[in-house]
Amino acid sequence: MSGNTLGTLFTVTTFGESHGPAIGCVIDGCPPGMALTEADVQLELDRRKPGTSRHVTQRQEPDQVEILSGVFEGVTTGAPIALLIRNTDQRSKDYGNIAETFRPGHADYTYWQKYGVRDYRGGGRSSARLTAPVVGAGAIAKKWLCERFGVEVRGYMSALGEIEIPFVDWSHVRENPFFAPNADIVPQLEDYMDALRKDGDSIGARIDVVASGVPVGWGEPLFDRLDADIAHAMMGINAVKGVEIGAGFASVAQRGSVHGDELTPDGFVGNHAGGVLGGISTGQDITVSIAIKPTSSIRTPRRSITRAGEPAVVETFGRHDPCVGIRATPIAESMLALVLIDHALRHRAQCGDVSSATPRIAARAPDAQ
């Protein structure tokens, strides 16, 4: 299995399985000299951890992080940083009924066909449990980006199933378990999830992520374009089936006179590009949306096959998120932060001394609509 590392200069390699003794990651390329404690990382992990409301999996994992290396006297040394998160609430017996079958919509079938062996307990390596170390690494990336460039990476849920969530204010996001930017809609979301759980079914979600303060110039054309790497990273999140940057698929119906963001001496007039042109950051907000599919582990009986190819019916009774999108916001934020820190370091390596006589215009003109 060779696809476990993300990044070029700032790299993250994850390890572990859902029901193994521990999960974690090794981060290489973190700049030295940044103050870092386990509390800095734990703050982000607590936003993602399971068991925080009745609407997510009831698996009770504290997700307590241990920093094993790369930090001395509270400061990063430039050496690899190893993060370890111990699994403490595995319940492998819940998965005995799927040891010989494949869950529809899950990686069970493809892992078996590719590797000839499969850890069926909680999905093993394919489990969303492996997003915890990604969030741990993302916490480090966020901290460095904020301290070095003033970059802020934030996200929110913009849709739960067919329910659109109008954006009201960022302050609402941290006040509810859905990461919804609209407190008034939370009771509707709760009722929706309660009904879904009673039905033994699941649903998808859309998550929006915004990075503010990114300087102009990050990105490596042609094939390591900033937006290409963002899409690559976002598709590496479990259950993500679609990525939009800026106007995304709505660009199909926009005319060039609308989609092209005009430039004025006072700044850009729009941001349909999502903060990226030609694979390089414009200095505007980088805006990303991801589509998350419904959880495949559900109680509703579904047709499948056994390992011998015989017909079977699959019902899953473990502790699962009826909507994995509810806890996906900090994961998507982390993925974006990991791409940004990697490109910040790559830009510094090649173009750190480049200067231009053209002024850097504001991300948004005062009269922009």
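Placement of Cβ uses the backbone N, Cα and C atoms for every residue, glycine included.
Swiss-Prot has this to say about the protein:
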BINDING   R48, R54  NADP(+) binding site
BINDING   R125, S126, S127, N238, A239, G278, K293, P294, T295, S296, S297, R319  FMN binding site
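Sequence features, as recorded in Swiss-Prot, placed on the structure.
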residue: R48; record: NADP(+) binding site; Cβ within 10 Å: 23
residue: R54; record: NADP(+) binding site; Cβ within 10 Å: 11
residue: R125; record: FMN binding site; Cβ within 10 Å: 20
residue: S127; record: FMN binding site; Cβ within 10 Å: 21
residue: A239; record: FMN binding site; Cβ within 10 Å: 23
residue: K293; record: FMN binding site; Cβ within 10 Å: 17
residue: T295; record: FMN binding site; Cβ within 10 Å: 24
residue: S297; record: FMN binding site; Cβ within 10 Å: 26
R54 (NADP(+) binding site) to T295 (FMN binding site) - Cα separation in whole Å: 16
Inter-residue Cα distance where the pair is R48 (NADP(+) binding site) and S127 (FMN binding site), in Å: 14
DSSP-derived structure type at R48 (NADP(+) binding site), helix or strand or else coil: helix
Residue pair A239 (FMN binding site), R48 (NADP(+) binding site) - Cα distance, angstrom, rounded: 16
